[in-house]
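Below: the structure, in structure tokens.
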Amino acid sequence: MPLVVFCGLPYSGKSRRAEELRVALAAEGRAVYVVDDAAVLGAEDPAVYGDSAREKALRGALRASVERRLSRHDVVILDSLNYIKGFRYELYCLARAARTPLCLVYCVRPGGPIAGPQVAGANENPGRNVSVSWRPRAEEDGRAQAAGSSVLRELHTADSVVNGSAQADVPKELEREESGAAESPALVTPDSEKSAKHGSGAFYSPELLEALTLRFEAPDSRNRWDRPLFTLVGLEEPLPLAGIRSALFENRAPPPHQSTQSQPLASGSFLHQLDQVTSQVLAGLMEAQKSAVPGDLLTLPGTTEHLRFTRPLTMAELSRLRRQFISYTKMHPNNENLPQLANMFLQYLSQSLH
């Protein structure tokens, strides 16, 4: 059955959404398999995305795991970053080869894919929504007071600009607040990040998050491998179960590509007769052109049609055309065409030589 690919940066709620979808589909009696980084690595390790060789091996393991599970009867959910469009195209090719539909669920953190933790009270005033560093409080150590002062100064500057008056100096009330900034929490982590950290237990360093953001290739519904596309911003937005069900169980599977299909096998007798008939036609043509003049109609063995003679032909040229005809005919074998092989080859020669 279908393939569901989750895509998004860390802390965007992918795992929670994947579990929500798994529970909803399992409640309908469907067999659902979830493939994620932890299932492949044994435990989620964010450091993999900092090493190109290990990340490439991880993508190969994820693709192999999906390919093993993918069938017309089970639903496979891939819960990973999947931020490279080339990898998403490979997954699309797997679904197309298995003749099963797929859809893409793109999870985005509120405030944009690179927004960091927000300042306390930022939701109450849009002008105070100031993004700060991804660096956790535990790594700040003695710099907590300086960080709090910087945040408060940015807050005051943002409020001043919103109110239409930019002030150069910090008021005394703000200075008194800065002195106690280290004692009161200055940063509040969004609910989506809390749930993501609680669910996975993995920590992505600020440098790694920045690198992933720069490498991230956002899905585009104009690409056939990125549609149908469902975009979810935050955890408050409900999961579009009706649309996902329609995409997975009502849509037709992507049409198979001709290069991925097995060509029909030709029987041994067909190939033997094809080789014999074309050889006889060439031998008859070489013999007939010895006494022919341009404009004559040549009658060749095994044919009911005629070939107009226009110029002398070499054996090398005729052999090349014979190989081309045999290669094409082997790809489309049909035992019903056996009596017409000589006429078909004669028509091919006539079109190729004139």
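Each residue, glycine too, has its Cβ placed from N, Cα and C.
As annotated in Swiss-Prot, phosphoserine applies, among SER65, SER149, SER200, SER327, to SER200.
Swiss-Prot marks one residue of SER184, SER205 with the annotation phosphoserine, and that residue is SER184.
Its Cβ placed at the centre, TYR11 (ATP binding site) has 23 other Cβ atoms within 10 Å. Secondary structure from DSSP puts GLY8 (ATP binding site) in coil.
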